[in-house]
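For reference, the structure is listed below as structure tokens.
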Amino acid sequence: MTIKIIMLGILAFIGFIAGKTGYLPENSGVILSRVVVKVTAPVLIFITLAGNKITNEELGNGIWIYVLGLIFMGFSFFVGFILSKSLKMSVATKSMFKMHFVFGNVVFLAFPLISSVYDPASVKLALTYAVFYNLANDTLLWTLGIYLVNKHKENSWKDNLKHLINGNTIAFTLGIICIIINLQGIIEHNAAVRAVYDVVYGTLKPLGETTFTLSMLFIGLILSEVKIKNKNDLLKRYPSLILSMFKLLIIPFFAFFVLKLTGNFISPMAKGIIVIQLAMPCGTIVPALASQYDSDYRFATENVFFSTIICIFTLPFIAGLV
């Protein structure tokens, strides 16, 4: 597991060097993120669900992951809201602070990490569970998240809610339909359907799996944008450091112990996926939204930078815990 995490780190480092040296154009990160969010991640979500035979128990676990994901993210928002009251920040900066308490890097880092942590026999199911958590994340991102990032501007809820219909949610819906109609069962008993499925799945699978590599390159590019000159520069970023401590350690630990007390109503793997997702560093989608809505993009980017660097040390511990 440690070796696989190091491999992910090397991919991010390649992206960092490419961005820092100017080897890639300045807007490469934006383009790369759009490729992942709009193309490869939806494909990965679809093939993960459509290509996996899920039992009723596993589907139930997925639904619980969605519900518990919403609950724990709501708790994270509450903690961020309380802490933001004691910090001297502008309205826009406080919104980014609270937003990053809720939204972690659940696609760009979580999917590659989960694929590395779990063995080949269980990684499909683990990624399926991760998709359910991602759906909970998207539900809040395009409602609460848009409200927070847009507090200083006027934009109708109707326009914001349109974002709920996106590539990821469409891919999730199509994948769930495949599960409901028992696509894998149909394939087993129909040679013609199997032939078509093999061609489609064989084409989409390698495309979806590029999400892991492209995501890590994107993270490296994001990190290359932050400039820290000296120790004083670092100390001025104390809100980002406080945020990182809570997001990477305190809240995941709290969730781990709460889930441990709940008994066996969901599987240990499902609990582990929730904890791992909660332990993700600050989401890279937040700076993108901050830039789009003229909010505090710089602070959001710094949150991503510090939490991603610190998670190099915290994530192996959390992954070993679950």
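Here the Cβ of each residue, glycine as well, is placed from N, Cα and C on the backbone.
What TrEMBL records for this protein:
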- 6-24: transmembrane segment (TRANSMEM)
- 31-51: transmembrane segment (TRANSMEM)
- 63-83: transmembrane segment (TRANSMEM)
- 95-114: transmembrane segment (TRANSMEM)
- 126-149: transmembrane segment (TRANSMEM)
- 170-187: transmembrane segment (TRANSMEM)
- 207-226: transmembrane segment (TRANSMEM)
- 238-259: transmembrane segment (TRANSMEM)
- 265-291: transmembrane segment (TRANSMEM)
- 303-321: transmembrane segment (TRANSMEM)
Subject >> Beyond the flanks of the transmembrane segment (63-83) by 6 or more, those residues with Cβ under 8 Å of it >> reply: 97-103, 129, 132-133, 135-137, 139-140, 144, 242-243, 246-247, 251, 254-255, 259, 265-266, 270, 273-274, 277-278
Original post:
Under a criterion of three or more Cβ pairs within a distance under 8 Å and sequence separation of at least 6, are the transmembrane segment (303-321) and the transmembrane segment (31-51) in contact?
Top reply: no
**OP:** Look over the recorded stretches 31-51, 126-149, 207-226, 238-259 and say which has the most C-beta pairs under 8 A to the transmembrane segment (95-114).
**Re:** 126-149
Original post:
For the transmembrane segment (207-226), which partner among 6-24, 31-51, 126-149, 238-259, 265-291 gives the most CB pairs under 8 Å?
Top reply: 6-24
Original post:
Which stretch, 6-24, 170-187, 238-259, 265-291, tops the Cβ pairs under 8 Å count with the transmembrane segment (31-51)?
Top reply: 170-187
Original post:
Are there residues at least 6 beyond the ends of the transmembrane segment (238-259) whose Cβ is under 8 Å from a Cβ of it, and what are they?
Top reply: 68, 72, 75-76, 79-80, 83, 87, 89, 93, 97, 100-101, 104, 271, 274-276, 278-279, 281-282, 299, 302-303, 305-307, 310-311, 314-315, 318, 321-322
Subject >> Beyond the flanks of the transmembrane segment (170-187) by 6 or more, those residues with Cβ under 8 Å of it >> reply: 41-43, 45-46, 48-54, 59, 131, 135, 193-194, 197
Original post:
List, by number or range, the same-chain residues at least 6 past the transmembrane segment (265-291) whose CB is under 8 A from its CB atoms?
Top reply: 30, 33, 37, 57-58, 60-62, 64-65, 68-69, 72, 76, 96, 99-100, 103-106, 108-110, 113-114, 117-118, 122, 125-126, 129-130, 133, 137, 141, 145-146, 149, 218-219, 222, 243-244, 247-249, 251-252, 255-256, 259, 297, 299-301, 303-304, 307-308, 310-311, 314-315, 318-319, 321-322
